[in-house]
Structure formats: structure tokens, C-alpha cells
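Written out below as C-alpha cells is the structure these notes cover.
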Amino acid sequence: MAHRLQLRLLTWDVKDTLLRLRHPVGVEYATKARAHGLEVEATALGQAFKQAYKAQSQSFPNYGLGHGLTSHQWWLDLVQQTFHQAGVRDAQAVAPIAEQLYKDFSSPSTWQVLEGAEATLRGCRKRGLKLAVVSNFDRRLEDILEGVGLREHFDFVLTSEAAGWPKPDPRIFHEALHLAQVEPAVGAHIGDSYQRDYKGARAVGMHSFLVAGPEPLDPAVKDSVPQEHFLPSLSHLLPALDYLEGSSARL
């Protein structure tokens, strides 16, 4: 008879898995700009942010830690680039807006806990599982999780800034497994990114589940993820864990 799998650790992505922004980035940026006397279209800022974020992440990955930057400075530079691409050339006028945005994005009021997150985390705890965060976030994450009432569910929070490696780098997953003192085969990761979360965890021998994010899934991605690994919502996780652990006994 096959040995029944008993998971011991669940690691979690955060943004668009457990939390999401209450308002789109462009709206947040435009609102703060208006409070400082600067009128910029939210749509233009949203588009500029996507372009600036991609460029900044490619030039200075993982908050520029390898280039001598702090995550704080990385974000201030990104805000400056966003406004510049949206047509605002006055860096001095943008500076206080950037500082305010950095502070506001640290606040729990900017974030919303996704439906089913708290109940699912409680359910996982009742199963005796260790829970941890593995997120490509910066040092503000601990305070954000504390502020929205989710920090108490986790044994530890591991950010890419603290670890030194962003997902899908296998080293951040190995570090989480080391901190939890469990083997990959009894760990599972939950997140909304196919590359960073689903594939990243599987590359180190963990199980993983893909959460439906705000954007439609690429059909090719959906075809490559078994139905039992796909979570239309967080409330589907506990039944998926039952199926995973039960299926090992049926092998």
C-alpha cells in the first residue's frame, strides 16, 4: 500500500493571493498627486507605472540590493520615473508625492484581504500545518500583514529583500524550507504567478497550487496546470489539500 502524503508546510505568496490593492495603482498615484496640487490622469499614470516597473525591475532586480540601493530608494526612483513617463518633468514636485506614496503603500488601509483568506488560513492551522510567507515584497510586508490582521497566522515571513533572492530563484524556497525545518516533498506553495510561484516551488521539489489572479490566465498556462492544482478561489484550497494527500495513498 502506498504511503499517504502528509503535508507539514504551506508557503504563501501575498499580493493578489492573500491581499490586493483597494484601488488601481494609477488611481492611488493620481489621488496623491492631486493632494499635492498636481493634476495627472490616473490612466496615464497606470500605464506609465507598468512600463517603469518593468524597466526598473530589469535594471535593478530585487529592489536594487545588488546595486547598493535600498528598497525605499528603489521605490522613490520608480515613482519619479512613473510621473516622468506620464509627462511630469518636475522631479522636485514629485519628490514629496513619492515619499507619501511609499508611506501610504505601507498602510493596511491601502490593502484589502481577499475573500476567504482568513478562513482558509485558520483552516490550515487547524490541520496542524506550519504556515509561512514567501513573497517578492520589501521590508514593509511584516507591518502590512500585522495591520490587516493576518500576521498571526504565519510562523515566519520571508521577503525577497530579506532573503536576497526573488522568486522563482530556488534559493528563496530552500531558505523557507530550512527555516521551517521540513523537506520539499512535504511542503506546498500557493500563489498567483505561474512562473514565480507554481513553477518556482515545483522546481525545488515542493507541491504547488495556482490561484486565479486578477488577470485572465494564458490558455497555454491553464492547459499545463492540472485542474486539481488550480484554485479558482482560496476556499478551494482545503479540498485541494484533501485531494492531494488522498491521491498519494491511491498511487
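Cβ from N, Cα, C; glycine included.
According to Swiss-Prot, the protein carries these features:
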| type | residues | note |
| --- | --- | --- |
| MOD_RES | Lys15 | N6-succinyllysine |
| MOD_RES | Lys15 | N6-acetyllysine |
| MOD_RES | Lys130 | N6-acetyllysine |
Per DSSP, three-state class assigned to Lys15 (N6-succinyllysine): strand
Secondary structure of Lys130 (N6-acetyllysine) (DSSP, helix/strand/coil): strand
C-alpha spacing of Lys130 (N6-acetyllysine) relative to the residue listed as 'N6-succinyllysine', in angstrom: 20
